[in-house]
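Chemist: Take this structure first; my questions come after.
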Amino acid sequence: MEPAIQLSFQSGGKKPRRRVSFNRGGRGEAKRPALLLAAVGGAETERDETAAAASSGFSGALGAPGPAMAAPCLEDPSLERHFKGHRDAVTCVDFSLNTKQLASGSMDSCLMVWHMKPQSRAYRFAGHKDTVTCVNFSPSGHLLASGSRDKTVRIWVPNVKGESTMFRAHTATVRSIHFCSDGQSFVTASDDKTVKVWSTHRQKFLFSLSQHINWVRCAKFSPDGRLIVSASDDKTVKVWDKTSRECVHSYCEHGSFVTYVDFHPSGTCIAAAGMDNTVKVWDMRTHRLLQHYQLHSAAVNALSFHPSGNYLVTASSDSTLKILDLMEGRLLYTLHGHQGPATTVAFSRTGEYFASGGSDEQVMVWKSNFDVVNYGEVPRVQRPPATLASSSRTLPEVDSPVPPDRGRSQESMQSQPQEPVSIPQTLTSTLEHIVGQLDVLTQTVSILEQRLTLTEDKLKQCLENQQLIMQRTPP
């Protein structure tokens, strides 16, 4: 395995300092040959990993194996700018549509709107009474939404006046906020265990989604706006149908709190990050776990897809950012810039830049460089209905349980062509039934575990209250 490039940046410096340099393009430690899930027709195609590692090897929209060709000359990501102005840890970042503005929220209870144009003054918006936990620009860029530990949502006009409208319906911290692609509605997630959908222009709460049994840390609309995905401390990721308001599927593979979730730009896959230091990618058509990465040494706090769908960037409490090549299932870069946990990360709408924030109170803007295609010129198309069967992207199946940048290597596994194996229909049905029952059993155990924890907490509180009463009672 060729080790991945690892870059180190001095916080506050203008030029990156290369810490360790390796050969570019090292693969993650895949446990098995890459399995490409063809997006049209649901066909499956096996691909030799050695071919995958040898060249760019993908051709056409489906990512099918193509003739070997020289890889494009990619540059390393570079630290373009860093912004200082927050007085406490940065919790969230988001770019405007035209990439001219970058918003950030902080534990100092303020929003900052930074201008990418040099020498421009930033806007500081004060209105929330506690930590600003999330920010998101509307699709047009004319509005900026924020959520806070003060249990409120605010919609701002991102100009010098900084006027805002307050929305109130949650009964606990608002953890996440995200506009629908049409800008007509937005979704929030909260510690009150609910996901709520709001009308942007009518400025009112519409309805709640309430099946999580613990804090909900993140909720996002699908690219076509028909589905919502949420991540919770109950260790599940749930997919909701916006129209029927029903939970259509739950993913229970995480071993700890799920901190972040987002849709692949194609709308056919989702990626989630967790306190168990992992990143998981599922195919929403088959509900199959496609990729599993355990590359960080601490909790993964946030992730963001490149608009092309080929790359994923993650931010972790181990203070690093990592860039993954999803089509090849490998780690491309590890970026060291923040002093302390990296709490948030987000690509710009074109993918040319990505921004990160951390507990060091800094916002850093990086130039991607590694993707030579200008995806900002790709025409926008209307998303098809959320049947999840018309994607133009495919992802290989990858299991990377050990960080490849720790010096361990593994030879690529070669796959040999195999004769198709005929499986009796009765056996297939039986196996599917068993898998379904196991899923139900897993969810039941998870729910019982959470209820037991809640019961223990209430019992502890009762005992503490009893002791206080006994202490106050005179002998």
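Just so it is clear, glycine is given a Cβ too, placed from its N, Cα and C backbone atoms.
TrEMBL lists these features:
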type	residues	note
REGION	1-28	region 'Disordered'
REPEAT	83-124	repeat 'WD'
REPEAT	125-156	repeat 'WD'
REPEAT	167-208	repeat 'WD'
REPEAT	209-250	repeat 'WD'
REPEAT	251-292	repeat 'WD'
REPEAT	293-334	repeat 'WD'
REPEAT	335-367	repeat 'WD'
REGION	383-422	region 'Disordered'
COMPBIAS	410-422	compositional bias 'Low complexity'
Chemist: Looking only at the repeat 'WD' (83-124), what is the model's average confidence as pLDDT?
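Modeler: Across the repeat 'WD' (83-124), the average pLDDT comes out at 93.
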Chemist: For the repeat 'WD' (167-208), which partner among 83-124, 125-156, 251-292, 293-334 gives the most CB pairs under 8 Å?
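Modeler: Highest pair count goes to 125-156.
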Chemist: Give residue numbers and ranges for long-range contacts of the repeat 'WD' (83-124): same chain, 6 or more residues beyond its ends, CB-CB under 8 A.
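Modeler: Tertiary neighbours of the repeat 'WD' (83-124) are 12, 130-137, 139-141, 144, 146, 148, 156, 158-160, 162, 343-350, 352-353, 355-365.
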Chemist: Please list the DSSP helix, strand and coil residue counts for the repeat 'WD' (83-124).
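Modeler: Breakdown, helix to coil: 0 helix, 22 strand, 20 coil.
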